[in-house]
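Colleague: So that we are looking at the same thing, I have put the structure below in structure tokens.
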Amino acid sequence: MPMSRPDSSVQLLSDYSLRAHNTFGFDVRARVAARIGSPEQFASLARDPRVAGLDALVLGGGSNVVFTRDFDGLVLLDEIRGRALAREDDDAWYVEAGGGENWHAFVEWTLAEGMPGLENLALIPGTVGAAPIQNIGAYGIEMKERFASLRAVELATGEIVEFDAARCAFGYRDSFFKREGRGRFAIVSVTFRLPKVWAPRLGYADVARELAARGIDASRASARDVFDAVVAIRRAKLPDPLELGNAGSFFKNPVIDAHAYAALRAREPDVASYPQPDGRMKLAAGWLIDRCGWKGRALGAAAVHDRQALVLVNRGGASGADVLALARAIQRDVLERFGVELEMEPVCL
């Protein structure tokens with residue numbers, strides 16, 4: 001797949017503002033930053049004495065990070081572009097995209113090219129390269145279900161390494177790259193397997209309701225119909241980061257065992273929950289937060305969104321420390337009332 005900017009030379013940018021590179025809009029600065037347009041540029045930095053010894057952070061869309069201070073290291077801005085059908089067989093298309101490609105634009109492109117399968121993941125903020133790190137998911141599907149492989153540069157050596165699904169060790173909003181591999185690799189491209197036999201994923205009531213509101217019979221819904229429905233739902237529920245700084249869902253939906261769930265339901269009969277294949281129950285974190293009275297509330301300029309309790313927002317002038325303080329107050333209240341620990345989705349730095 002062709003990659004943008006084949007030149008391996010890298011310009012370093014000192015005292016670089018990251019305000020435009022994180023969706024909360026925090027005005028923090030990086031000691032050094034570099035715009036990366038090719039795998040070769042990532043590799044060249046491994047041998048560059050100008051950045052030797054600096055901690056490195058790869059940023060795509062900045063939609064999964066909370067900066068609580070300036071970053072005293074090297075920020076690598078992933079701008080590797082390109083998308084193409086890499087190959088196909090009788091069963092599936094294998095589509096490769098550069099790590100710096102906008103995720104939503106990539107999903108829309110696959111549909112335009114007649115290759116459905118990612119439509120439930122429409123309008124998730126961020127880049128293609130960030131999708132495996134977080135194992136993004138929405139409306140009944142996770143990225144790992146469509147994942148084939150990825151290529152990543154090991155930052156210490158400049159070596160390009162291939163990862164299959166097993167090596168990525170995907171979990172719920174989790175992967176190897178959020179744990180042991182954190183800070184060690186930069187994802188340069190991802191290949192997705194999109195099955196040629198397609199059926200809509202309509203397990204979430206919101207999607208079925210939106211299709212019905214549009215006069216579409218769910219049994220006859222096309223991939224584009226599902227895409228449009230998901231986009232409409234997300235736009236109605238979630239604020240645009242360009243208008244109100246946020247990082248999407250701030251907390252993971254907690255999963256508890258059957259015994260803990262039975263005890264919780266005895267106290268809270270209407271708790272919003274979803275059964276899991278292993279017998280455990282996934283709780284709706286937004287419901288827990290709302291029940292604690294946090295929806296629409298604020299601590300200074302950091303607030304809980306008034307339409308979606310899972311989303312924390314920067315109303316203007318908030319710092320990462322403000323958002324983190326709000327998140328911890330919410331975690332404390334949910335734990336005290338329900339005995340359930342909420343885990344943050346974004347990385348806090």
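Just so you know, glycine gets a Cβ as well, placed from its N, Cα and C.
The shown structure was predicted, so the numbers you read here are calculated from the model rather than taken from an experiment.
Below, the features straight out of Swiss-Prot:
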type	residues	note
ACT_SITE	R173	active site
ACT_SITE	S249	active site, proton donor
ACT_SITE	E345	active site
DOMAIN	26-197	domain 'FAD-binding PCMH-type'
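Each of these features: where is it, how hidden is it, and who are its neighbours?
Modeller: Secondary structure at R173 (active site), as computed by DSSP, is coil.
Applying an 8 A CB threshold to same-chain residues 6+ apart, the list for S249 (active site, proton donor) reads A285, L310, V311, E345. According to DSSP, S249 (active site, proton donor) is assigned to a strand segment.
Secondary structure at E345 (active site), taken from DSSP and collapsed to helix, strand or coil, is coil.
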Colleague: Using a Cβ-Cβ cut-off under 8 angstroms and a sequence gap of six or more, which residues of the chain neighbour R173 (active site)?
Modeller: Q134, N135, I136, G137, K252, E345
Colleague: Do you know the mean pLDDT across the domain 'FAD-binding PCMH-type' (26-197)?
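Modeller: Mean per-residue confidence for the domain 'FAD-binding PCMH-type' (26-197): 94 out of 100.
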Colleague: Just to be sure I understand the packing, how many Cβ atoms besides its own are within 10 Å of the Cβ of E345 (active site)?
Modeller: 21
